[in-house]
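What Swiss-Prot lists as N-acetylalanine is A2. Under the heading phosphoserine, Swiss-Prot lists S11, S74, S76. According to Swiss-Prot, the region 'Disordered' annotation covers 13-38. Swiss-Prot lists Y83 with the feature phosphotyrosine, giving similarity to another entry as the kind of evidence. What Swiss-Prot lists as domain 'EF-hand 1' is 92-127. Feature annotation from Swiss-Prot assigns Ca(2+) 1 binding site to D105, D109, E116. Look at Swiss-Prot and you will find 128-163 tagged as domain 'EF-hand 2'. What Swiss-Prot lists as Ca(2+) 2 binding site is D141, D143, D145, K147, E152, and the listing cites a curator's inference. Residues annotated as N6-acetyllysine in Swiss-Prot: K233.
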Amino acid sequence: MATDELATKLSRRLQMEGEGGGETPEQPGLNGAAAAAAGAPDEAAEALGSADCELSAKLLRRADLNQGIGEPQSPSRRVFNPYTEFKEFSRKQIKDMEKMFKQYDAGRDGFIDLMELKLMMEKLGAPQTHLGLKNMIKEVDEDFDSKLSFREFLLIFRKAAAGELQEDSGLCVLARLSEIDVSSEGVKGAKSFFEAKVQAINVSSRFEEEIKAEQEERKKQAEEMKQRKAAFKELQSTFK
């Protein structure tokens, strides 16, 4: 494999440099300035050696992973920036989601496990069965560790916003119930939310009424046109 060969070459090169003590043979024909530059490579050599070591370590780790040695880094352990990865949400929305995540992360380990999710759903007023909780985690569990990282928690709201969750699924219920955080929004926030819902329903009803009125008007016009045609034909027949 090319990766193994490159890693071997880098390791051998580092070993040879270590045995040689970093000495460089004097090259004939160099003038004074060039000789001075060639004789003072300490910082550059140190930086190059550090970069070589880092690259060698990465290549060796990749070779180990390809051979089934070592464990790959799980997505939940990777550092990510929620503001750049989840651009569809505002900073305030992400902050609210983070606050909710930390509220139910009782173990303070950066994850919401099965029992913590069970407690969350009970406090939201939508208790789930053991199997239901497992299915909730499974739907966004990218690294298959049977618990939710903050990134996976954000995926719930991304899927909900995109309409990718079934209406009766536990994750959809979680996203819907967490729209109103009574502890921060208070009764006023809940009131304004439901008023907005009622207003949206009223607007929808008015829209439906307008459509029905237009349909009735078209029917009336069609009936009048039909009657005029019949009258015209009757008038024509009298002149034959």
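Cβ from N, Cα, C; glycine included.
Taking the features listed in Swiss-Prot, we show where each one sits on the structure.
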residue : record                : DSSP (3 states)
Y83     : phosphotyrosine       : helix
D105    : Ca(2+) 1 binding site : coil
E116    : Ca(2+) 1 binding site : helix
D141    : Ca(2+) 2 binding site : coil
K147    : Ca(2+) 2 binding site : coil
E152    : Ca(2+) 2 binding site : helix
K233    : N6-acetyllysine       : helix
| Where's the emptiest Cβ shell within 10 Å among the recorded positions K147, K233? | K233
| C-alpha spacing of Y83 (phosphotyrosine) relative to D143 (Ca(2+) 2 binding site), in angstrom | 21
| remark: Given the domain 'EF-hand 2' (128-163), its same-chain partners at Cβ distance under 8 Å and 6+ residues beyond its ends are 74-77, 80, 82, 85-86, 88-89, 93-94, 97-98, 101, 110-114, 117-118, 121, 169-172, 174-176
| What's the CA-CA gap between Y83 (phosphotyrosine) and D109 (Ca(2+) 1 binding site) in angstrom, rounded? | 21
| Rounded to the nearest Å - Cα separation of D105 (Ca(2+) 1 binding site) and S11 (phosphoserine) | 44
| Structural state of S11 (phosphoserine), classified by DSSP into three states | helix
| query | What is the total of other Cβ atoms whose distance to the Cβ of D105 (Ca(2+) 1 binding site) is within 10 Å? | reply | 18
| query | By DSSP, how many residues in the domain 'EF-hand 1' (92-127) are helix, how many strand, and how many coil? | reply | 23 helix, 2 strand, 11 coil
| Closest to S11 (phosphoserine): which of the recorded positions E116, D145, K147, K233, going by Cα position? | D145
